[in-house]
Amino acid sequence: MAIPIRTEKEIVKLREACKLASDVLVMIEPYVKAGVTTGELDRICHEYMVNEQKVIPACLNYHGFPKATCISINEVVCHGIPSDDKVLKNGDIVNIDVTVIKDGYFGDNSKMYIVGGETNIRSKKLVEAAQEALYVGIRTVKPDIRLNEIGKAVQKYTESQTFSVVREYCGHGVGTEFHCEPQVLHYYADDGGVILKPGMVFTIEPMINAGKKEVRVMGDGWTVKTKDRSHSAQYEHQLIVTETGCEVMTIRDEEIAEGRISRIMVNV
């Protein structure tokens, strides 16, 4: 497979797009509260992206997707379509996935929110484990290792926490296209011999379930739910492989303050 190696000029553009994408997730947080609809959250994000940031919402009309963001609640694994009929309630766990296009370059990220700040013990642990699963993947990235080392590490951690890794959806290359090579699986499998090299840009975005790994696509052709109706959680970052590890291009200030990952990860 032909995996693009980004030039310094491209990297500058990607950093800009990624910062804008991460800013949307920070901006929307105060609005994620009981009584608000996912349709309203999407409109706030959409207007902020278009009017304030002057960027293009990448999800809107992508293969026919009707909204600017994906918003997935509780047992929805991914690709939840925002709707004025979906009202948030305290205890819901919510993923908001935002991708922006700035000057032809894509920035892609997502994070979890807990409505009201509290949920049941199992779902709280799930959300925490989803973030740590992403971080485990990020800490694995360095040049000259096999791509599938990422999935191996993510799967090992996730299953150690008594959760399961969704198989049907994966991380992906991203740059001047929304999705390109490589496919970044979050479980251990054949990777075709791909070796990570500096300048490769991709997302890591494990979706993990409180119950079994199996999922189903709903009648709208987009919304993916767990088959057993257990809750699901996901965090996503976009990163670039460096000479000594990776740069997390969509990192948020809150994460830097926590200290579990940094913008520049030295993993060698």
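Backbone N, Cα and C atoms are what each Cβ position is placed from, and that goes for glycine too.
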From Asp97, Asp228, the one annotated by Swiss-Prot with Asp108, Glu236 for divalent metal cation 1
Asp97
Per Swiss-Prot: divalent metal cation 2 is bound by Asp108, His172, Glu236, and from Glu132, Glu149, Glu205, Glu214 the site also lists Glu205
According to DSSP, which kind of secondary structure is Asp108 (divalent metal cation 1 binding site) found in, if we only use helix, strand and coil?
strand
Separation of alpha carbons, Glu205 (divalent metal cation 2 binding site) and Asp108 (divalent metal cation 1 binding site) (Å)
10
List, in sequence order, those binding-site residues among His79, His172, His179 whose Cα sits within 10 Å of the Cα of Asp97 (divalent metal cation 1 binding site).
His79
Near-site residues: divalent metal cation 2, ref Asp108, His172, Glu205, Glu236, CB cutoff 8 A to centroid
Asp97, Asn109, Ser110, Gly171, Val174, Phe202, Thr203, Ile204, His237, Gln238
